[in-house]
Amino acid sequence: MIALVAGLSHSLLVGGPPTRTGGARCASSPCMAESPRKLRVGLVGGGTVGGGIVTILEGARELQASLGVDVEIATICVRDKAKPRDFPLPAGCAVVDDVEEILGDGSIDLVCEVMGGTTLAKEVVMRSIADGKHVVTANKALIAAALPELQEKLAEANAKQVLGSEGKFGFEAAVCGGIPIIHALQRDFLGDEVSQLSGIINGCTNFILSNMAQGGLSYSDALKEASALGYAEAAPRRRRLATRHPPRHTSPPHAASPRLLADPTLDVGGFDARSKLKILIKLAFGTDVGERVGGRGTVKLLGVAKRDGGDPRAAPPLPSLTPPPLVFRRDGDRLSAFVSPCFVPTSNTLASISGATNAVQIGSANLGSTVLVGQGAGRLPTANSCVSDILDI
């Protein structure tokens, strides 16, 4: 089997242990409270993931009661509030098209950002943190580009808070959709030493390579099928975000913040997987790596579209290749990271991962090999991770 694998290896912990950003659940589960704690949420983005968040939360009232929390979706900010939604709005929920109606609302306890992009989205997240609000995001691009800056802003804001009232920041949905890889690295591996990570962390490319290897499709036909099923989009274009009122601060106008919509180049070029890998490296090893092409301290990148003229079938047959998916080198305290199509031996767990499924394999001193498998994208898988963060807060 051939798969687009993202991997890294390391012999020493670099830059300190991973930082835990989530809150703690009760020691016993479920935990009951005499009076549920009200949590008012402002949802920025009412599309696929936003609708999934509303659907899951509204269907989990009994669970919320058992956890001693009452989550209220108070406001949803969308691009076009006149557009019909494909999910039922919660009672009393306001739909607005000006994000200031969420950012400027002091009664909002938590801001959940699922709009995407790195300009307005960053402004929303940074201001919410600065104002002492909890923040949950599914924004992979933002986390990959600005996680250290966001963590610094969170620490700065929390230093001004009374002990026990600190803001929390969750981003489980930013990597691999519904797979709880972020929580695993933040919590379950704190007493362990991670030595390597590898995985299939882009559903579009795995779907393409699976159909080429198992279905005999050409690269172009597999990409077309992936596009038709929503795993990739053939025509990249840009939208501009607008607000009814100018923002009450000195940042650039929202209308000048273009948002790049789905582009298959991000998938087949390996850029999406590289952004996810960068986040995992930060959590596993506490160090930052660059996303620019070439140079020291960067992730080596080879997408599926560059494999022997764009067709992985042109590569030599599996028996002539020996590298396993964990193609890493240890050299003192150096870290090696790459994103590339790899031949995977059938004896490896990753060889059985086909279609749009994602998987992450973690190698560590105490647990040996741990594999997390699940849906890496989609409405409910991604929304489920956001809801997990919300309830954890």
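Placed from the backbone N, Cα and C atoms, the Cβ positions cover glycine too.
TrEMBL does not curate its annotations; it predicts them automatically.
Its Cβ taken as reference, Lys276 (active site, proton donor) is surrounded by 25 other Cβ atoms within 10 Å in the chains shown. Residues or ranges marked as active site, proton donor by TrEMBL: Lys276.
TrEMBL lists Gly45, Gly46, Gly47, Thr48, Val49, Gly50 with the feature NADP(+) binding site. Cβ-based neighbour count (10 Å, all protein chains) for Gly45 (NADP(+) binding site) stands at 25.
The NADPH binding site annotation in TrEMBL covers Lys140. On its own chain, Lys140 (NADPH binding site) has Ala174, Val175, Asp272, Ser275, Lys276, Ile279 as residues at least 6 apart in sequence with a Cβ closer than 8 Å to its own Cβ.
Annotated L-homoserine binding site per TrEMBL: Glu233, in sequence order.
The domain 'Aspartate/homoserine dehydrogenase NAD-binding' annotation in TrEMBL covers 45-158.
For 180-237 (among others), the entry in TrEMBL reads domain 'Homoserine dehydrogenase catalytic'. Here the domain 'Homoserine dehydrogenase catalytic' (180-237) has a mean pLDDT of 83 out of 100.
Among the features that TrEMBL reports, domain 'Homoserine dehydrogenase catalytic' is placed at 262-391 (among others).
Across the domain 'Homoserine dehydrogenase catalytic' (180-237), DSSP classifies residues as 31 helix, 7 strand, 20 coil. Sequence-ordered, the extra residues of this chain that approach the NADP(+) site, with Cβ no more than 8 Å from the Cβ center of Gly45, Gly46, Gly47, Thr48, Val49, Gly50, are Leu43, Gly51, Gly52, Ile53, Val78, Val114, Met115.
Over all protein chains present, the Cβ of Thr48 (NADP(+) binding site) has 17 other Cβ atoms lying within 10 Å.
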